[in-house]
Amino acid sequence: MDLDLEFFTLLADLKSRRDKLILMAGLNGSGKTTILNKIHSEGISTEIVTPGFSVEMVKHAYINIAAFDVGGENRIPPLYMQHFQNMKGLIFVVDSNDQNRVLEARDELHRMLQEDELKNVVVLVLANKQDLCNAMTAEELSKELDTKSLRINQWHISSTCAISGDGLLEALRKFFWAIDSMA
């Protein structure tokens with residue numbers, strides 16, 4: 001069974017059929033686009049590019065996922081944030097092999113969770129690129145990201161490999177069930 005079909009089956013099991021908006025963010029090169037393509041075999045449905053900023057959008061059943069690069073000059077403009085007032089979840093993707101940028105990823109995650117629009121969302125951190133030999137484990141990454149200091153009710157960190165799909169479906173299952181239980 002391919003991951004796209006399994007993801008669709010996962011969504012069919014959820015109680016709430018109302019549209020849910022999910023924000024996916026992470027530093028450039030963390031694997032967001034690969035993950036989107038893995039769970040939605042038809043590919044990215046919309047790509048909006050503005051100077052210094054781009055967003056990739058995917059709609060799968062009643063789940064809408066908007067993916068952004070964050071960090072450095074890539075900040076989510078306030079104009080875009082107003083569209084996320086009914087956000088249900090944040091998927092934050094981290095390249096767990098890029099130890100030189102973990103502190104930048106930590107700062108971005110903490111900064112994003114200060115936004116009013118993201119105060120009550122379910123958070124999933126994907127420790128991506130676990131197939132690489134120097135990748136930090138989810139536990140090591142959790143410590144480096146200082147997740148214990150996050151003031152959020154529901155969050156989870158999972159080890160994944162976007163290219164193979166390892167760990168992805170189970171992480172998304174837990175994430176969407178947590179969101180569904182809030183409905």
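Glycine is no exception: its Cβ is also placed from the backbone N, Cα and C atoms.
According to its DSSP assignment, Gly26 (GTP binding site) is in a strand. Feature annotation from TrEMBL assigns GTP binding site to Gly26, Leu27, Asn28, Gly29, Ser30, Gly31, Lys32, Thr33, Gly72, Asn128, Lys129, Gln130, Asp131.
Thr33 (Mg(2+) binding site) carries a helical DSSP state (H, G or I). The number of other Cβ atoms within 10 Å of the Cβ belonging to Thr33 (Mg(2+) binding site), over all protein chains shown, comes to 19. Sequence annotations record features per position, and here TrEMBL assigns Mg(2+) binding site to Thr33, Thr50.
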Next item on the list: Using a 10 Å cut-off, grab the number of neighbouring Cβ atoms around the Cβ of Asp131 (GTP binding site), all chains included.
Entry: 13
Item checked: The one of Asn28, Ser30 whose CB sees the fewest other CB atoms within 10 Å, among these binding-site residues -> Asn28
